[in-house]
Amino acid sequence: MRKGISGVVILVLLTLMISACSNGNNAASTNAGASQTPAETQQPAASEPKDGGSLIIGVASDPVVLNPNYAGDRVSLTIDQALYAPLFQVNNGEKTFYLAESLTPSEDNLTYTLKLKDGLTWHDGEKLTADDIVFTIDSILDEKQNSFLRANFLIGDKAIKAVKVDDLTVEFQLPQVSPAFEATLVQVFPIPKHIFENETDIEKSTKNASPVGSGPFKFKEYKAGEYLTLERFDNYFGGKPHLDSVTYRIAKDTNAANLALQNGEINVQYLDPKDVATIQATNNFEILPYSEGRLAYLMFNANSDTGALAKKEVRQALSLALSRDELIQTAYTSSEYADPAKSFLTPDALYFTNEVTSFDNDAAKAKELLASAGESNLKLRYIVQSGNKAQEAISLYVQQKLKAVGVEVELQNMDSSAWVQKFIDLKSTDYELALTGYIMGYDPDAYRILFTTDSSSNYSHYSNSEVDKLMNDGAGEADPAKRAEIYKKAQELVAEDAPIYPIAYTKTVVAVSKNYGGIDEAVLKPVVIFEDLSKIYQK
Amino acid sequence: MRQLIVRRLLQTLPMLFFVSVVCFTMIKLAPGDPVLSFVTPNMHADDIERIRHNLGLDKPAYIQYFIWIKEMVQGNFGYSLINHQPVLGQILERLPATAGLMGSAIALAVILAIPLGLVAGANRNRWADKLINFISYVGISIPLFWLAILLMYLFAIKLHLLPSMGMRTIGVESPLDVLKHGILPCSVLAFGFLAGYVRYIRSSTIGQLKEEYVQIQYAFGSKKSTILFRHVMKHVLLPVITLLGMSMGDLVAGAIVTETVFSWPGIGSLGMTAVKGMDYPVIMGITLFSSLMLILGNMVADILYSFVDPRIKLKG
């Protein structure tokens, strides 16, 4: 039996050895900072950025695809932001040029001329030219290539054309005036023509597994389910990045990820507001709440089979029964992480105003309105994603507050995929209320699909011909002053009609280890955390 | 013996077919849609339909199943609907991590359970028995994910003795580094089984101690420990082999939780992601693979049984 026990001991060691020796085809390199504790890595703050070191960013899943034409999930987009450089980016209305040197509209606003910077190179040393930009746009527009971005490059069902003028110049020809075109171009991160030319299916190409980009960091290694490492690209046009490498560590369990953060195994991590106090108490992290340009709102389904919410007065009455401040406390624990919302546009959007009619916290008036609308014993169905803490908390709050004005709310808990399926199905008529949110970008034209009659994402089935006209006019209006008028009026009309109850412009909270500097220059950005990772340095 | 193995392997085919039908039906009956993984608010309805068509999801469910099984017979497990990577490749890539974790956890559970169970059984109702029983009850009652977080907090955050997550330090390729990373997940997974095994061995030991051969050994003046570890243990261990075979299903379930919490890059965490995204080719691949493991585990247990006790004749 002694033999048996020693056999089992050998088995333990052997099996762990087997797993250790597997998955090891990639080049090995050491990363001294990878599992140091915060105490060990704590260094005195330096005033000047230093070169070297690594950064570990915690992500919740494996990337789906490392190709910006297909990335739709948060993790892929985050990694692509470091791998691929954009043409330009816009923050608070200010343009920052990356690959592009300038973008100039023609007098008739039908042609945009894009000039590239000179001397741009891909990570493999090939030159980045106008051919790559044209190839990227053409592959987005090619139906067979299945890019998610395709619809954005159609204006009134006609495609935008990208034409090479010379190696550094591309002309974009628009079928009609579209001021939102710049917002579309912001989403473009060029892909290399010399890599993907002649690929019949770029989305499934094996070349996506070893991406060649033009961003500050280049691909080094990917261990599925574990981590993905990028290393510094010395020829980055924006100047040599400070860090030697950036690693995206996959941590699917939030509690475990928070512990790894405290242990120094992760340096940057999204935080749930409820975890902020714990992480803050360690005194090793900067807690950075920042706006993601996201609106969280209660959706009123006017198309339900009872027709209960088809009347404007009923929607207004339900809104009056609720309190934004209480909702923010309930769902986001503090007003520090969410600003009260009244408009359907988010604060980062052009022509945003929160000075619109709002219905808030007046139960007596709510009862009056319901009575005047001839509604009594109103029963509503509210769909809730099980396990989603914010949704569950808000649903209970809404149920209680609406009960106070005589409206009965039946909560229907369901699995998240069932919830999403029901929510995005425009034919769903068996519910009235749902909590959701959107990030639509900075150009107000993007919001058209949410609030115009019969449009693709008009989940509340809102219909107002005046709003339809305003949104369509705004899409084709080149004069910024006239556009501002149009969208201010549209915001007021939508607020008055109350197709949704805007709750808050929510913020994302990120914890960044105090061992790193350059955060302001790197620019905190919705969805992808940092706009330019080349600026971050280890103190 | 060879005939028996071949016969048992052939029997697995209809079982796997049955499992595949049940699994596919359940996936299709469950709410959710893999296309939702791709949907963004500004995506056109036509684009969503185009993606659905390209993935073959607009075909009736039974046609989808027949396409899947046809490919399966040709050795093609299909492609993930989410990341378009081959399913078999993903399973094989992650298999060593899962095999390592499961193998070491089972081995660790057995190593610890044998002495603990024997000691508890031999000292029935004494303090040692009560202590071991208490640990067993804790093991049975404690949720794995909670134990995982607890150990992670203690050994990684407070004591700084072990890494909290992952299978290796970033960029490091060393078996010792993997061993270090494996200690916590392996212990958590083993603890869940340890409790069951200890209780089983304890009750078997109590039964064996009443047998005539034990009384004879006492009469010959043998020491209690000699009787226990030399004679009783042989008899007690035999059913443990069967127990091991039967544990395979629970082992897979435990691995899903453990791998997810510790970010261990095995089949369990892959399956968890697939279920969330309704990625049915991956779910089907992992289910079939797990079923095969379960069947083979039981078969190996039966074969081992006949080796350990030649009186047992196996019949297919």
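Cβ coordinates are placed from backbone N, Cα and C, and glycine is handled just like the others.
Copied from TrEMBL, the annotated features are:
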type: TRANSMEM; residues: B:12-30; note: transmembrane segment
type: DOMAIN; residues: B:95-305; note: domain 'ABC transmembrane type-1'
type: TRANSMEM; residues: B:101-122; note: transmembrane segment
type: TRANSMEM; residues: B:134-157; note: transmembrane segment
type: TRANSMEM; residues: B:182-200; note: transmembrane segment
type: TRANSMEM; residues: B:236-262; note: transmembrane segment
type: TRANSMEM; residues: B:282-308; note: transmembrane segment
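Between the transmembrane segment (B:182-200) and the transmembrane segment (B:12-30), fewer than three CB pairs separated by 6 or more residues in sequence fall under 8 Å, so the two stretches do not touch. Highest Cβ contact count with the transmembrane segment (B:282-308) among the listed stretches B:12-30, B:101-122, B:134-157 falls to B:12-30 (criterion: pairs under 8 Å). Taking every recorded stretch in B:12-30, B:134-157, B:236-262 and counting its Cβ pairs under 8 Å to the transmembrane segment (B:101-122), the highest total belongs to B:236-262. Residues 97-98, 101-102, 105-106, 110, 113-114, 117-118, 121, 144-145, 148-149, 152, 164-166, 184-185, 188-189, 192-193, 196-197, 200-201, 204-205, 208, 268-269, 271-272, 290, 293-294, 297-302, 304-305, 308-309 of the same chain, all 6+ positions outside the transmembrane segment (B:236-262), place their C-beta atoms under 8 angstroms from a C-beta of that stretch.
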